Amino acid sequence: MKVKKNLTCSVSTSSRTMSLLSQLEKINLDSVLGEADNARYVTAKILHLVQSQEKTKKEMTSKGSSAIEVILSTLENTRDPQTILNILSILIELVSVGGGRRASVLVTKGGTQILLQLLLNASKESPPNEELMVLLHTLLAKIGPKDKKIGMKARINGALNISLNLVKQNLQNHRLILPCLQVLRVYSTNSVNAVSLGKNGVVELMFKIIGPFSKKNTSLMKVALDTLAALLKSKTNARRAVDRGYVHMLLTIYVDWHRHDSRHRYMLIRKGVLQCIKSVTNIKLGRKAFIDANGMKILYNTSQECLAVRTLDPLVNTSSLIMRKCFPKNRLPLPTIKSAFHFQLPVIPASGPVAQMYNLPPDVDDVVDESDDNDDAETESEIETEDDKDQNFKNDDIETDINKLKPRQELGRPLEELKMYEQFFPELTENFQECDLVSKEPKPFVSNANLGGPIVVPTAGEEFSAETNPSVIGISLKEGNPLLTEEYNRRPAFLGLPKKDSIKASSLLQQNVQRNLLPSCQCLSQEIVTGLDRISLQNTSENDQYYATGCVIKKDNKTSLTPLACSKTCEHVSPCGSSLFEGSSVHLGKFCCTGVESEEEDSKSSSSGEQVVLEVSDVSPVHDCDLYIEMVKTTKSIPEYSEVAYPDYFGHIPPPFKEPILERPYGVQRTKISQDIERLIHQNDIIDRVVYDLDNSICSAPEEVDVLKFNSKFESGNLRKVIQIRKNEYDLILNSDINSNHYHQWFYFEVSGMKTGIGYRFNIINCEKSNSQFNYGMQPLMYSVQEALNSRPSWTRVGTDICYYKNHFSRSSIAAGGQKGKSYYTITFTVTFQHKDDVCYFAYHYPYTYSTLKMHLQKLESMHNPQQIYFRQDALCETLGGNICPIVTITAMPESNYYEHICQFRNRPYIFLSARVHPGETNASWVMKGTLEYLMSSNPSAQSLRESYIFKIIPMLNPDGVINGNHRCSLSGEDLNRQWQNPNPDLHPTIYHAKGLLQYLAAIKRLPLVYCDYHGHSRKKNVFMYGCSIKETMWHTNVNTASCDLMEDPGYRVLPKILSQTAPAFCMGSCSFVVEKSKESTARVVVWREIGVQRSYTMESTLCGCDQGKYKGLQIGTKELEEMGAKFCVGLLRLKRMASPLEYNLPSGLLDIENELIESSCKVTSPTTYVLDEDEPRFLEEVDYSAESNDDQDAELADNVGDYEANNQEDGLSDSDSTRILLS
């Protein structure tokens, strides 16, 4: 009975409302004299229902209801004051709840125009009806934010001054001026209105309303501050406020509220004052007035006092934003932003950044612009476009010309000219008649795969030298060599290396074997001597004698050192024979194979007779210390390096522990920014001493024991200048790429002289990208020499309090592509060292030098089975710096020299791989190392892969850039991966000849089945691929194209799909097959479009880690990168089997691959260039990369905190119209 009663009541209420609205509509139509009373009565009844029944509100604003039209029509036509008041009250009730939807309905029905006209009519009355004005402004304030054109409408109707005059005339009538101020705030969002109101004295008026702390009228104070903040965004109004001294007044008001609001009840008012200061400091005059009023110190002190209260974070963040904005722009402390190293180009480009740099007058200051801080441009509107194009314009980058998208195979060079590349394909003409080939597959060459320990190779004099003999054919090693056969028999399989535990278990066996293989090595003590001079590896009789008999100790003024006898063999150190010192002089760092004792420990060691032996663990089977030194001697660098970095000498093995993605501590960014601001406030605390400087040859290492020593004068090193800021804090400046004035990202340097238990802060202050994975859990890498000597030679992720943010160092327009007002960014991290006086190396990512590549290739060549593997290393060309660019050919030897086997050998499809076109993307080399080692392994699947394909591999397309520590360019100062369309043989020889190889294959009708260029990605996680597709590119545009133009073989998706199922680090959801205009000159697009390779890819490996799969939540290491290289090979084998239906049954999951549509096409329009929105979750602490955020909500963390999950895009939608996959 109760339910029935409620239902009856509801129906009656609904019918009652409809009846009243019908009566009101009839009154509007009749317009009979005397109907005013009826309208007054009906509207009063409706108002009562609306105030008492929520259901009535929903019914009147529901879709299909004409209630709003009827009420607005009545409001527009009636002249009865009470009816108008009733209707206004009804509308206020309707829009007071229900979010913004109801207000939007009112706007779409024309409510704004009616209200403004009513306001104009009411203003003509004298005096105006106060109640009417209150209701009108209250309603306008509620619907105004939903009407984007309300500012223009108000100005045209003349409503601006009506509201302003009401405030001026009723300053004591808080009930009236409160809604008027709310409307003025809405009006002020229009810049023209803000200027107009400013001319009429609105700024001065606001400062009459706001004032020091008071518990009275706090609502009015808050609204007045919000209105003032909006008005001051106008440069004209901001100047007016500065001229009248209001900046000092705002600071005084803020301090007063800060002191008295001890219970933090008025945080919004305090934030409102800060928003006004934030607006006025958008102009230079405002920033100057802020500094003159001691604003930096005031906000710094108040924000420090707010740190303890989490709810006051919006005040701290807004204060930080203002201080960063007002921090004086500093000049980067460099004489020029051009590289410290100079290389004269053989040909100067006709246009482009390099040409502009060469054409600059010698007296031009390229570090900072004279007008850097002179413009009054509103810095709030600055668009971040470093490195990538702004996302607002990314649609323009997608290629929409269907004719350009269609692959067009064209040689580009005469066939006669391309014949020069025939020499790089001897496998197509080799008859193998002189080889002892058996007709059956030989047994695996590795007979003792469980034996750990080092790999012994021929001496350096017997091994391959790229400079003297660039071409090596795999069959040159003869089976009759008994020493070589013995070496093969004891070599472990590449992919079957024993784990550390099994190595320990067989330590006795290892010792017995190694004592027969290795001479005594030089031992090292636990303590490292501070200031020990670097050891010169020169061919002197003294050195030869020491290294032949035992340990050598180098004396200096501070330390008394004596030779130490080795108590046992260092099992894992390669012999330092006399060949190490032949040829040019090469220096190691502060450690070599020497015994070193400090003065304090010397007496103890002598008296006790105890000697501590430090061992270097067994590293990669293709690493050899001696051979590395030999390779260094043939490497040519522009600075003519004579030192060798210890990580490259000792080698690296992955640490045995997992390295999770670092969880960012809350508030770390603002803490670092506060410390930066302290430099201005407490200038006397700043040391500001240069401790390392490539530009100043006379700048020697500091003598003080408490000062760190730095060095980067070794292969791939990059560190230009170091300035000590505080006792344990250093600013580091990176070197530009040679013949360039930017690309600051890669770093690799040495640090020594540290103490334990101290947190050292390092700030790399001239980074250029607007964001970094350092904000999302990535850590820099450190290599400890002491740890390496303690059998732990590993690069490990280190650092706490890591963040990446915009700093106060100006970036000149010359270095920013013509854009003025740009700033650099800072990577900051803190490290506490484990060992006193250690020598440590820091790097952006795992270093992999050109000399390391040469060593690895030579080791692979010397260790392979020539009867099983066809291996050839050639010199593709010579680089600008005089270094050889190696190209490697790998396949399986033919089963025999019979015609059928030779024919099968020659007709294997080609796979063309390349890597390291960008020197800073070292992870690409580690992936390539995994690929090479897998291809050269005795794994049965590797043998099957070799029998399936011929691999042409250019493992390092940019040797010069790698050697000289560049991040992106070669010695030409240009990004080589943007030169594939028209490479210059003089400036881009590696690209010119790599493209020539592919053009030659196209000319002889031997197109590679797959081309893949290995890269690294600094802005995204996981490993993924970029490919090329006409259909997917067009799907991302609004261009209508005939379906016949979009017909293409979807086989380009097969390999990425295979990798997503086989490689743990690979993520299909991050792959993209869109072709952009900005990428038309890259290898991927040119090889697809011009050469005609459908499966043309760029494989991107994260620098950070993974957020999916087996490695979710972990930072990526060399083990995972090498695994990816091996898994890529496995994917190629599966691809081959899929292309041969008789040989392999297709998995059902891959059969329908051609039916997949583009995922997330509505959101991602250019994913190869831009970071996806869902790539990273939001922080609990809002990350402010820029010092000039334009978001009014930037500090309101309480409203923004929430769990945010990245939307994993699924790759499984179907397209019924797509063609079936062509497996060929």
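The backbone N, Cα and C atoms fix where each Cβ goes, and this holds for glycine too.
Residues or ranges marked as region 'Disordered' by Swiss-Prot: 361-398 (among others).
Per Swiss-Prot, compositional bias 'Acidic residues' is recorded for 363-389 (among others).
Swiss-Prot lists 846-1136 with the feature domain 'Peptidase M14', giving sequence analysis as the kind of evidence.
Cβ contacts within 10 Å of H1015 (Zn(2+) binding site), excluding its own Cβ and spanning all protein chains shown: 25. Look at H1015 (Zn(2+) binding site): DSSP puts it in a strand. Sequence annotations record features per position, and here Swiss-Prot assigns Zn(2+) binding site to H918, E921, H1015.
Annotation comment: Swiss-Prot describes E1100 as active site, proton donor/acceptor, evidence class sequence analysis. Of all the Cβ atoms in the protein chains shown, 26 others lie within 10 Å of the Cβ of E1100 (active site, proton donor/acceptor).
Annotation source Swiss-Prot lists compositional bias 'Acidic residues' at 1186-1197 (among others).
Swiss-Prot lists 1186-1224 (among others) with the feature region 'Disordered'.
Swiss-Prot lists 1206-1224 with the feature compositional bias 'Polar residues'.
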One should report the C-alpha separation between H1015 (Zn(2+) binding site) and E1100 (active site, proton donor/acceptor), rounded to whole angstrom, as 5
Cα of E1100 (active site, proton donor/acceptor) to Cα of H918 (Zn(2+) binding site), in Å and rounded, measures 12
Listed in sequence order, the residues of the same chain lying six or more positions from H918 (Zn(2+) binding site) whose CB sits under 8 Å from its CB are A924, N958, G961, H967, R968, D975, L976, N977, H1015, G1016
Going by C-beta under 8 A and a gap of 6 or more residues, the same-chain neighbours of E921 (Zn(2+) binding site) are H845, H1015, G1016, S1101, L1103
